[in-house]
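TrEMBL lists 7-106, 138-226 with the feature domain 'Na+-translocating membrane potential-generating system MpsC'.
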Amino acid sequence: MEVKVQQSELSSEIGRLLRKHFGKGPEAVFVTIASPYVIIYLRHFLSPIENMLLEDNHTMTVEEIRDKMMRKLNEKIKEIIHSVTGLPIKEFYYDWTFENGSGLLVGVEGKAEKFFEYNYPNRREMETIITKISAEAEKHPDITYSHMLNDRTLIVIREGILVQIEEQLIELGFEEALTLAKRKLEKKLLFQAKPSFQQLLKRDITEIFVNWDFSLDKSIIVFILAPQKT
């Protein structure tokens, strides 16, 4: 099956699944398949009750509900990706930008992804800024690498980022609270650095998503870029 056909089919399947479990699916689902990554970008994905909670400043409640639901759907989404693409997905990440009604799902094959080469200009400079942000938020990552998967999707991988207190919190069962706290802090730092990122990429950045797999001591950051100006 051609990649474009797979992307279209996966878009339909994921939209259907989310509609079934959330009561309202995203209005648009954009899929990028670039082995070992599958990136699923959701637009206009907020249910009426979520909208109401957000209007009343209950953002944390919406995040907690989404996180609980996604943990239940995790394996099902990995199965759908595998059935459509044939890629055996080992890792799964997700994040939301509620003010835009958008979200991102990321599946990663069980391959040594840092050896895949999707290079781009100023890659090392981008990775240096990310490393500095990581050091400010928690610690200097053991490894940082990045790939420009297509014209609008840049993914950054960090490995070895947890400090001892975070590992202890995870052990004590505070994984969800830690995720929410780290998401808020890191997004703040990433958005503060947005002008520097845009200068290096020579592109506007429309979205920034971040998530972690604590069991692997690993994190992904995804930048969605604005279309190139003609």
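Note that Cβ sites are derived from N, Cα and C of the backbone, with glycine treated the same way.
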Helix, strand and coil totals (DSSP H, G, I; E, B; other) for the domain 'Na+-translocating membrane potential-generating system MpsC' (7-106): 54 helix, 28 strand, 18 coil
Would you mind splitting the domain 'Na+-translocating membrane potential-generating system MpsC' (138-226) into helix, strand and coil residue counts from DSSP? 34 helix, 32 strand, 23 coil
